[in-house]
Amino acid sequence: MSSQVKESCKTVCHGAPLLASLHHLLFHLVSGYSSSSFSGEREKPSAATPGLLSLRWRNKMGNGLSEPHAIFPCLPSFQALHIVILGLDCAGKTTVLYRLRFNEFVNTVPTKGFNTEKIKVTLGGKGRTATFHFWDVGGQEKLRPLWRSYTRCADGLVFVVDSVDAERMEEAKTELHKITRLQENQGVPVLVVANKQDLRSALPLGEVEQMLALNELGSHTPWHLQPACAIIGEGLQEGLERLHSMIIK
């Protein structure tokens with residue numbers, strides 16, 4: 001491989017460090033970002049790969065789209081929005097991802113690395129579509145320092161919380177505010193998914209909003225709190241439509 005290609009790989013995504021192997025990076029480039037899942041100790045999450053098609057960074061780096069919001073619906077399907085799914089472990093992040101991907105419940109195991117899916121979604125029942133490239137990142141405490149490598153090129157964030165787990169809501173709040181306050185995430189819209197709202201013991205939506213201190217995210221961070229049940233998919237479509245609206249606004 002030429003030194004020029006190697007150097008390009010190092011500088012992808014605004015100088016993000018290359019945490020994934022070059023083999024996986026080239027695989028995604030050639031395959032057009034096909035569905036993949038990377039878990040286990042042998043794999044490290046990619047900091048460079050997620051940002052390659054980010055609309056936000058394409059605009060910042062000068063891609064000639066002076067009015068990207070106006071022409072976004074006409075962009076080629078490979079120009080997917082880069083969306084990162086975050087949240088504490090056991091919140092239901094992977095269940096959300098595969099409900100969106102397959103429109104059915106899929107049994108999952110704790111994510112030790114990341115899962116990625118490219119999904120075309122119909123918006124508002126008007127025939128408009130958008131392609132989202134989701135990156136579902138493990139929520140275990142030891143993996144959270146890696147979140148920043150994914151979000152630095154994100155067009156939007158999906159933060160999933162367990163509406164039943166009141167004891168960990170403060171922990172979720174801390175992680176949410178930490179990631180949104182990073183300089184590179186200023187202005188990135190956040191869809192907060194209040195998962196498991198179908199359960200009787202779920203916290204009311206207003207209480208979730210208060211416990212997460214969403215109003216303290218600041219004017220620089222557009223956000224929407226969406227009640228949902230990932231197992232049956234309730235609320236997910238509406239949430240995605242709101243996230244899309246915030247991104248292209």
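Along the chain as shown, the residues are counted starting at 1.
From the backbone N, Cα and C atoms, a Cβ is placed for every residue, glycine too.
For G87, L88, D89, C90, A91, G92, K93, T94, G139, N195, K196, Q197, D198, the entry in TrEMBL reads GTP binding site. For T94, T111, the entry in TrEMBL reads Mg(2+) binding site.
Shown here: features listed in TrEMBL, placed on the structure.
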residue: G87; record: GTP binding site; DSSP class: coil
residue: K93; record: GTP binding site; DSSP class: helix
residue: T111; record: Mg(2+) binding site; DSSP class: coil
residue: G139; record: GTP binding site; DSSP class: coil
residue: K196; record: GTP binding site; DSSP class: coil
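Between the CA atoms of D198 (GTP binding site) and T111 (Mg(2+) binding site) there is a gap of 24 Å, rounded to the nearest whole number. Whole-number maximum of the Cα to Cα distances across the GTP-binding residues G87, L88, D89, C90, A91, G92, K93, T94, G139, N195, K196, Q197, D198: 22 angstrom. Figure note: comparing Cβ neighbours within 10 Å for the binding-site residues K93, K196, the maximum is reached by K93. Counting in whole angstrom, D89 (GTP binding site) lies 8 from T111 (Mg(2+) binding site) by their C-alpha atoms. Other Cβ atoms within 10 Å of the Cβ of T111 (Mg(2+) binding site), summed over all protein chains shown, number 22.
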